[in-house]
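Taken from TrEMBL as is:
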- 54-79: transmembrane segment (TRANSMEM)
- 91-116: transmembrane segment (TRANSMEM)
- 128-150: transmembrane segment (TRANSMEM)
- 162-189: transmembrane segment (TRANSMEM)
- 201-225: transmembrane segment (TRANSMEM)
- 212-295: domain 'DUF6534' (DOMAIN)
- 237-264: transmembrane segment (TRANSMEM)
- 270-291: transmembrane segment (TRANSMEM)
Amino acid sequence: MPMILAHLRDVTRGFFWINHSPLPSPTGPPRATPPRCKSKMALSMVDMKFDNTLGALLVGGLCATALYGVTCVQMYSYFIGRSKDTLYFKWMIASLWVLDTFDAVLNGHFLYHYMVTNYLNPTAMLKVVWSVITHVAATSVSNFIIRTMFAHRVFSLSNRNWWLTTLIMVVSSLDLAVGLAITVKAFMIQDFMELQALSNLFYLSFASGTGSDLLVALSLSFYLWRSRTGFQRTDNLIQTLMTYAINTGLLVAIDAAAGMIAYIVMPHNFVFLGFYLLLSKLYLNSYLATLNARDGLRKTMDEPVSIHLSHISGSGASRRFQEPEFTRPNVSGEKSRTETMGISVSTLVDRKVDDYTDHGAVSV
């Protein structure tokens, strides 16, 4: 029996030595310690949680996929509508949809790579897959095209203000250049721990993108506010356009700011990537919403409006009208009295309000 137990002990030791690691021996040489990692992210690999890495990518990817579905619906509504846009402009809108579709494919690829191909392999999260890097370039190009279209709106509404338009284009071009620089440099790194060397470019990208969006929103709101005519219906239309402008810039700016704050506070997880996945799709959907709202705004302007001449004041855009009085003939011997006549008129706004929602000079 002692011989059998000794044999089992030797077999067990051999099994653990082959499949795991050698048993500690008080007389044997000390085991070599693993090399030190060069990043806090690698040092805390044991403490890494799936919630703020794969979980953040999953939530961001699902939200981006939902927004892509909204983009497809808005694209369908745009192309089946009776749009007066030029063929060149329609091709630009179609190219944005193709670029957004490519971006959605990239999202699906890196989600499959990290969650299926490398299932139960947490070390794979340290490696940067090519689709994540390409997503940065696709987002930068898409946002630049949309900002260029917004800059054209500012140029039209501001009576060809070259200085303001140039400023918007310079900031937008800076964001595009930084995004492409990040893409090129990211292809030269091996894992996420080396992304810290690009942190300054990340900060510059978030700052330039947010600044460009706020500049566009404020410029459109200012020139639309100056376009008020004094007519209630026209002013209501202008207020609606101002709401579109503010919501477009504010929504994208909030998402970009949230991503920048997440990267500053938590640079060693993927929470900032979850926000970044939504950036281009939020921008594109906001832009398509303004294009598809044009028909409804035109119908609102085409409806006749009933104005009592006695209610027309002598201020604002109505100052050119006088307040006429119509006297009913004294047929029955009654004392003459002055009455007001209700008339139905259609107002024509000389200023091209549709420059906000169009690339050209098609009036509402």
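In case you wondered, yes, glycine gets a Cβ from its N, Cα and C as well.
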What residues in the same chain, six or more past the boundaries of the transmembrane segment (162-189), come closer than 8 Å to it by Cβ-Cβ distance?
128, 130, 133-134, 136-137, 139-141, 143-144, 147-148, 150-152, 154-155, 195, 197-198, 201-202, 204-205, 208-209, 211-212, 215-216, 219
On the 0 to 100 scale, where does the mean pLDDT of the domain 'DUF6534' (212-295) fall?
85
Which residue counts does DSSP yield for the domain 'DUF6534' (212-295) in the helix, strand and coil classes, in that order?
71 helix, 0 strand, 13 coil
With a Cβ cut-off under 8 Å, give me the same-chain residues at least six positions beyond the ends of the transmembrane segment (128-150) that come close to it.
92, 95-96, 99-100, 102-103, 106-107, 109-110, 113-114, 168-169, 172-173, 175-176, 178-180, 182-183, 186-187, 189-192, 195, 205, 209, 212-213, 216, 220, 248, 273, 276-277, 279-280, 283-284, 287, 359
